[in-house]
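*Asks:* Starting off with a structure, shown below.
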Amino acid sequence: MKYGRWAVALYLACTALIVAVGLLGPSVVVLTLTNRHSWLPSYWFNTKPNDWLVSVLIYAAILLGGCGVYLATKALRHGWAPRVNRLIALGIGTTAAITLVPPMASGDVLIYAAYGRIMALGGDPYTTSPADFMQRGHDPVIDATEPPWQGARSVYGPIATWIQWVASKIGGESAHLTVWMLQLSVAISLIVTALLLVKLVGNGVAGDPANVDGQDQDTARRRVIMLTLANPLLLWAVLAGAHNDAIAVMFAVIALVLLRRHVFLAGLMLGVAGCTKLSIGLVGVAMLWSLRADRRKAIFFCGGGAIAMGGLYAIVGLQAFQQAQKQSSSISVGTPYRALLELLKLFLPNGVVRTLLAILAWGALIVVAILLSQVFPKSLVPQTHPGDPTPAALRYTAIYAVAWVLTAMYSLPWYDVIAWSALATVAASKLDVLLAVRTTMVALAYVPGRSPDAPQVAATLSDSLHFVSARVRDTLCPAVDLAVLIAVIVWCHRKGARLRRPAATRRPSPSEQRAECLSRDGS
């Protein structure tokens with residue numbers, strides 16, 4: 001099918017452009033990594049590329065990737081049926097390619113490396129910032145951190161910090177090797193997450209009419225692979241920046257796999273996810289909701305989560321949990337909340353405004369989640385036994401994740417990994433396209449993405465690119481983000497109204513028409 005072939009071509013083109021920019025070497029987009037090992041990944045040439053050149057190439061890559069995701073979902077809806085193993089090879093191949101070039105568009109991975117180095121040197125990243133260590137003397141890894149994070153203490157959970165420590169132990173004084181270890185951990189996490197989801201949706205009987213919307217195992221697997229493992233938007237937003245959200249999501253998906261038969265272990269693993277990044281641990285609320293009919297299982301699940309989070313945070317100290325909570329009042333530039341913040345600050349104190357906006361954000365999350373719950377597609381994961389909570393847990397996780405990325409005050413492109421991971425396990429809907437628009441726009445907003453005060457950026461960033469990228473981030477992105485939110489609400493209202501009509505008066509959906517045809521053929 002032509003849509004499918006075009007989708008694969010766009011996936012590959014997006015990956016090729018990302019790799020090409022990485023190979024060009026340090027720039028306003030690509031990070032500078034010190035103490036390079038010439039024979040170890042990641043690889044690059046020191047070409048000193050123009051700031052507009054690398055930015056336009058990445059803009060093109062993101063747009064091609066977004067179009068590719070749209071065409072992939074369209075092709076799958078129209079019966080595109082490539083071999084599953086080939087799609088897995090596509091995903092692993094593109095993941096490996098991007099892992100072999102330096103990180104881009106965010107200096108976050110440099111601060112991860114610095115926190116690991118601080119711990120490796122006997123310090124505590126929850127009480128000591130890179131700037132504090134810089135006052136004691138020179139260290140090539142800690143000195144590589146970029147503004148504005150040099151004075152920031154770690155807000156990540158103990159699992160993330162220990163992974164950073166292991167990377168630092170391996171990398172030593174080489175920021176190059178330390179960062180690549182962190183890149184590798186993210187790549188492995190993305191692959192494991194996708195393969196576990198493929199296993200979940202493939203646990204039913206192929207061709208079983210009980211499968212949602214008549215989709216068999218392979219159709220569901222193709223959807224999971226194209227929206228997670230091979231998804232170029234995630235490869236750019238998460239892997240190219242080496243963001244540890246992927247690690248937290250992997251643990252959350254492991255919890256979902258365990259939920260089927262080992263509720264207590266699922267709670268433990270969900271606690272581990274929360275101890276990697278606290279915001280990902282909140283999907284436990286969605287998982288708990290799927291257990292509401294079985295009080296015993298719900299108690300075991302909560303007990304496992306409490307033991308994991310309580311025990312792990314107790315090891316590193318209460319200050320780690322306090323640091324993790326600090327982002328609760330932060331507002332990112334690319335959200336509509338930033339415009340409200342600047343407006344309301346003219347009339348009210350900053351603290352009051354942030355509190356009001358936090359209440360608004362939580363209220364919006366609840367409202368959008370309720371609206372979605374009434375019309376959200378059914379899970380593609382079949383029940384393996386009576387009382388199996390996994391299908392419902394994945395559906396509720398997708399509802400929470402989509403509502404969260406659309407309404408959060410602090411929202412960045414790599415946060416969308418949890419939404420895509422969960423959405424891939426439910427039936428196709430207009431949410432696929434709307435989330436693709438949202439992720440594409442937020443990804444565009446963070447190019448070049450790094451602080452203009454970073455030495456490498458300040459030396460090469462032109463005023464024209466700085467102006468354009470700032471307007472994309474503070475004007476265009478919030479407008480598109482708000483438009484997507486409104487579109488989701490309108491879609492919920494219209495679909496809900498259609499579902500509430502009597503069956504005799506409403507027009508059947510395409511899936512219902514297919515089911516009716518199959519029923520006639522069977523009779």
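Glycine too: its Cβ is placed from the backbone N, Cα and C atoms.
Predicted automatically and left uncurated, TrEMBL annotations should be read as such.
It should be emphasised that the depicted structure is a prediction, and the values quoted were computed from it without experimental measurement.
The compositional bias 'Basic and acidic residues' annotation in TrEMBL covers 513-523. Annotation source TrEMBL lists region 'Disordered' at 502-523. Summarising the annotation, TrEMBL assigns transmembrane segment to 7-32, 52-72, 84-105, 177-198, 233-258, 264-291, 298-321, 351-372, 393-412.
Could you place the listed features in the three-dimensional structure?
*Replies:* Outside the transmembrane segment (7-32), and at least 6 residues removed from its termini, the chain residues within Cβ reach (under 8 Å) are 42-49, 51, 54-55, 57-58, 60-62, 64-65, 67-69, 71-72, 75, 82, 90, 94, 97-98, 100-105, 107, 109-110, 144, 179, 226, 230, 232, 235-236, 240, 447-450, 456-457, 460-461, 465.
Here the transmembrane segment (52-72) has long-range neighbours at 3-4, 6-11, 13-15, 17-18, 20-21, 24, 27-30, 104-105, 226-227, 231-233, 235-236, 432-433, 436-437, 439-440, 443-444, 447-448, 462, 464-465, 469, meaning same-chain residues at least 6 beyond its ends whose C-beta is under 8 angstroms from one of its own.
The list of residues near the transmembrane segment (84-105) in space but at least 6 beyond its ends in sequence, with Cβ under 8 angstroms from a Cβ of it, reads 8, 11-12, 15, 18-19, 21-23, 25-26, 29-31, 33, 41-44, 58, 179, 183-184, 187, 190-191, 194-195, 198, 218, 221-222, 225-226, 228-230, 232, 235-236, 239-242, 446-450.
Beyond the ends of the transmembrane segment (264-291), by six or more residues, the same chain brings 156-160, 244-245, 247-249, 251-252, 254-256, 258, 297-298, 300-309, 312-313, 324-325, 327, 389-390, 392-393, 396-397, 399-401, 404, 415, 418, 422 to within a C-beta distance below 8 angstroms of the stretch.
Proximity of distant same-chain residues to the transmembrane segment (298-321), defined by a Cβ-Cβ separation under 8 Å and at least 6 residues beyond the stretch ends, is recorded for 124, 126-127, 154, 157-159, 161, 259, 263-272, 274-275, 281, 284, 287-288, 291-292.
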*Asks:* Considering only Cβ pairs under 8 Å, which range in 233-258, 351-372, 393-412 makes the most contacts with the transmembrane segment (177-198)?
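*Replies:* It is 233-258 that shares the most Cβ pairs under 8 Å with the transmembrane segment (177-198).
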